[in-house]
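Here is what Swiss-Prot records for this protein:
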- Glu351: active site, proton donor (ACT_SITE)
- His382: active site (ACT_SITE)
- Lys510: active site (ACT_SITE)
Amino acid sequence: MTILTQSTTWQALSAHSQDIPHMRELFAADPARFTKMSLSSCGLFLDYSKNRATPETLNLLFALAQEAKLDAKIKAMFAGDIINTTEKRAVLHTALRNTAEQCIIAEGQDIVPEVQQTLNKMQQFVTSVTSGQWKGYTGKAITDIVSIGIGGSFLGPKIVSQALRPYWITGLNCHFVANVDGTSISEKLKLLDPETTLFIMSSKSFGTQETLTNTLTAKAWFLAKGGSQSDVAKHFAAVTSNVVKATGFGIDANNIFPMWDWVGGRYSLWSAIGLPIALLIGMDNFRALLKGAHQMDTHFANAPLTENMPVIMGLLSLWYGNFFNAQSHVVLTYDHYLRGLPAYFQQLDMESNGKSVTLNGTHVDYSTGPVIWGGEGTNGQHAYHQLLHQGTALIPADFIMPLQSHNPIGEHHDQLASNCFGQTQALMQGRTLDEALAELSKSALSNEEKLLIAKHKVMSGNKPSNTLLMDKLTPETLGALIALYEHRTFVQGAIWDINSFDQWGVELGKTLGNDVLTRIGADQEATVLDASSNGLINLYRRGKI
C-alpha cells in the first residue's frame, strides 16, 4: 500500500462511501442544502449540492487535502518552485496572466518583465495585422490567419477562438491546422489566397513532426502560387524557442515570439501561443481573458480549502474515482460557443493526470486520471445521456451554462436552461418503480404489462453532477472557467502525489513513430519489430490489403 491509501483519512473515506444516503434523502433532510453547497467566485457560480456528499464527506476530503499538504503545494507552484521534478522545471503558466506584475522568479530571474514585453510585442503585431498596415507580398492586407500547431498549441487557441466568436471584432478569418494527415491542410489551403494569408507556426523546437510537416507544406504551396523565398517573411510568423531554425526558414526575427520551459503546451494559450485568439478578438479582449484567469488564480491561491472552487471540484472528482470506481467524467456545455471545451478539458486532465507512479517512482495502488469526455447540450440528451441515466457505470457530470445568451431568440434560451436544469434533477432523483407505475396507471395495458414497462422506466438516480453558471460568456468569464479546470486538475495530481506536468507517454509515441517512419521509407520489408508492427508497415508499403 502507498502512503496515501494507508492514511486513516483514506480508510475513513472508504468506509464512509458505503454509508452515504441517496441524494433524494439528503435534499429532503436539508431544505438549505443548495445554499450550503454552492459558492460564487470570479464571475462563476458553482452548485455542488447534487453530489453524494454530506458535511462529513467534505470534512474528510478537506482533511485528505491537508494531509497531502495541498496548501504548501499550491504555494510552491505560484512561487516558481521546481514542481515538475522529472523535467526539473517550474510550472508558471499563472505568471502569463499575472496582471499585478509582482516579481516571479524562474531559473534565477524575474520573468515578469519578459512576459510583459511579449504581451506588448503581441499588441504591436496584432495592431499591424488588423489595421492593414501589414502587407502581403503583393501589397494586399491580410485577410486570413492559419495557425499551425499540435496539442496545446492547437487546441487551446482553437477552442478559445471558437468560444469567443461573439467577440471577433477584427474582421479576420482564422483556420487551425494540427493533424499531419495531408487532407487537413489541403482542405484549408483550397480556401485561401496566398497574397492575403498569414501563417503562424507554433513549435517550441521548430521541429515538432506534425507542425513542421504542415508548415513546410504551407510554404511549398505559397511558393508554388507565386511567392518567393524573400516573400516568406511577409506571410509567416512563429512562436518558438528556436530562433535560428525559424530565421533559417525565412521568418523575420521581429516576428518570432518566445516560448518558455516553465509553460507546458496544454497551459500555453495565455502566452504568444494565443496570438490567433488576439488576432480575432483584439488585445483588449485577450487581456480580459488573462484577467479572468488571474482572478481565478488569486482565488485558488488565497481562498480557504473549504471555500475554494477548484479544490472542491477536484476533491469531488477524486471522491468518485477513488471510492466509487468512476472511470470517466463527462463535461456538458449548454452553450453552442462552448461546444469545444470538453475536448480541451480532456487534453488538460488526461495528459496531466494519466500517470501511474508517484513522484518518488512508487507504482500507485489507486485510480488516477479518469477519462474526460462530453459534448454540447441538448444534443447529448438524444445520444449518450441515456447511458448516464440508466447505464451501469457511475459517471459524474459537470453542466456548464451562461444565464444570458449572446443570441436571445424567442424561447430558445429558456428551453436550453430548462433542459440543463432538468437533466441535473433527473440524474439526481431518478424515477422509482412506484412513480413509473403511477405514470402508467391510466394506460390500457394489463397490470402485468404495466409492471414490465415500469421496470424499464425505473432510473436509480443518485447520479452526481456539478452545475457551473456565469452571467454571460465573456473573455473574462471564459478565462476564469479554464483556469478553474487547470487548478482542479492540479488539486487531484497533488493529492495523488503524481507529476501533472510531464507527458512521457506522448514522448514515447513520438519516438516510436519516428522509428516506424524510417522503416516505411526503407528499401526492404520491415522484419525487426514485433510481428504486428512489421505486418502493418509492410501492408502500408504495398498500398493495398
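Positions of Cβ are set from backbone N, Cα and C atoms, glycine also.
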(request) For His382 (active site), list the number of other Cβ atoms lying within 10 Å of its Cβ atom. (result) 8
(request) Express the distance between the Cα positions of the residue listed as 'active site, proton donor' and Lys510 (active site) as a whole number of Å. (result) 15
(message) Within 10 Å of its Cβ, which one of these active-site residues (Glu351, Lys510) has the largest number of other Cβ atoms?
(response) Glu351
(request) Round to the nearest Å and give the CA-to-CA distance linking His382 (active site) with Lys510 (active site). (result) 38
(request) Indicate whether Glu351 (active site, proton donor) is helix, strand or coil by DSSP. (result) helix
